[in-house]
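Asks: Below is one structure. I have some questions about it.
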Amino acid sequence: MLPLLLASSSAYRRELLARLHLPFTWASPDIDEQRLDGEPPVELVRRLARQKAEALAGSHPRHLIIGSDQVAVLGEQVLGKPHTFERACEQLLECSGQQVSFLTGLALLNSATGQCQVDCVPFTVTLRELSREQVERYVAAEQPLDCAGSFKAEGLGVSLFQSTHGCDATSLIGLPLIRLVDMLTKEGVMVP
């Protein structure tokens, strides 16, 4: 088996990948994550996932490189990482009582052959009706400033949900393991 490399500095993605009990290393790719003019969100996350994997291919020949990227979408609006307390509160108040789609792009690049599998795994969350006080308490408690949509589904963020819908709950955290296992299997990796 070629060595696995996770093209991410995200602790959340490392924790998810560790669930597969496969040895792996990780490195942070340096790419421009700006959305292209008119680029649909699905194509954005697919492109960025692939670019993250490709960015590390030169320094990691003969690896299986996993790239992933996620955006939250409310209607037609792409919600990025809020980075500030105020913006996180604004995002959550905008999403209150609404359905938010999380699109997670996934790429598995075999840097020895150049073959790359790419997909987008959607997951939908309907948020409860939230008051400003609830939102501010949540953001203060969990500090979801580096999370698309301003919440951490793997933590207290689940308390904001009214319902969820999707094929792979791990995609909500940023690395869709069910789809990744399919991709790894096509590369001859046995899981479990």
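Keep in mind that glycine also has a Cβ here, set from the backbone N, Cα and C atoms.
Checked Swiss-Prot, it gives:
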- TYR12: site 'Important for substrate specificity' (SITE)
- ASP69: active site, proton acceptor (ACT_SITE)
- GLN70: site 'Important for substrate specificity' (SITE)
- GLU154: site 'Important for substrate specificity' (SITE)
Asks: On a simple 10 Å Cβ count over all chains shown, which one of the recorded positions ASP69, GLU154 is most densely packed?
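Replies: Most Cβ neighbours within 10 Å: ASP69.
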Asks: Within its own chain, what residues at least 6 apart in sequence put their Cβ under 8 Å from the Cβ of GLN70 (site 'Important for substrate specificity'), listed in sequence order?
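Replies: The list for GLN70 (site 'Important for substrate specificity') reads VAL45, PHE102, LEU103, THR104, GLY105, ALA148, SER171, GLY174, given in order along the sequence.
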Asks: Between ASP69 (active site, proton acceptor) and TYR12 (site 'Important for substrate specificity'), how far is it from one CA atom to the other, in Å?
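Replies: Here the two Cα atoms lie 12 Å apart.
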Asks: Do me a favour and check the Cα-Cα span between TYR12 (site 'Important for substrate specificity') and GLU154 (site 'Important for substrate specificity'); whole Å is fine.
Replies: 9
Asks: Through the lens of DSSP with three states only, how would you label GLN70 (site 'Important for substrate specificity')?
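Replies: Its secondary structure by DSSP: strand.
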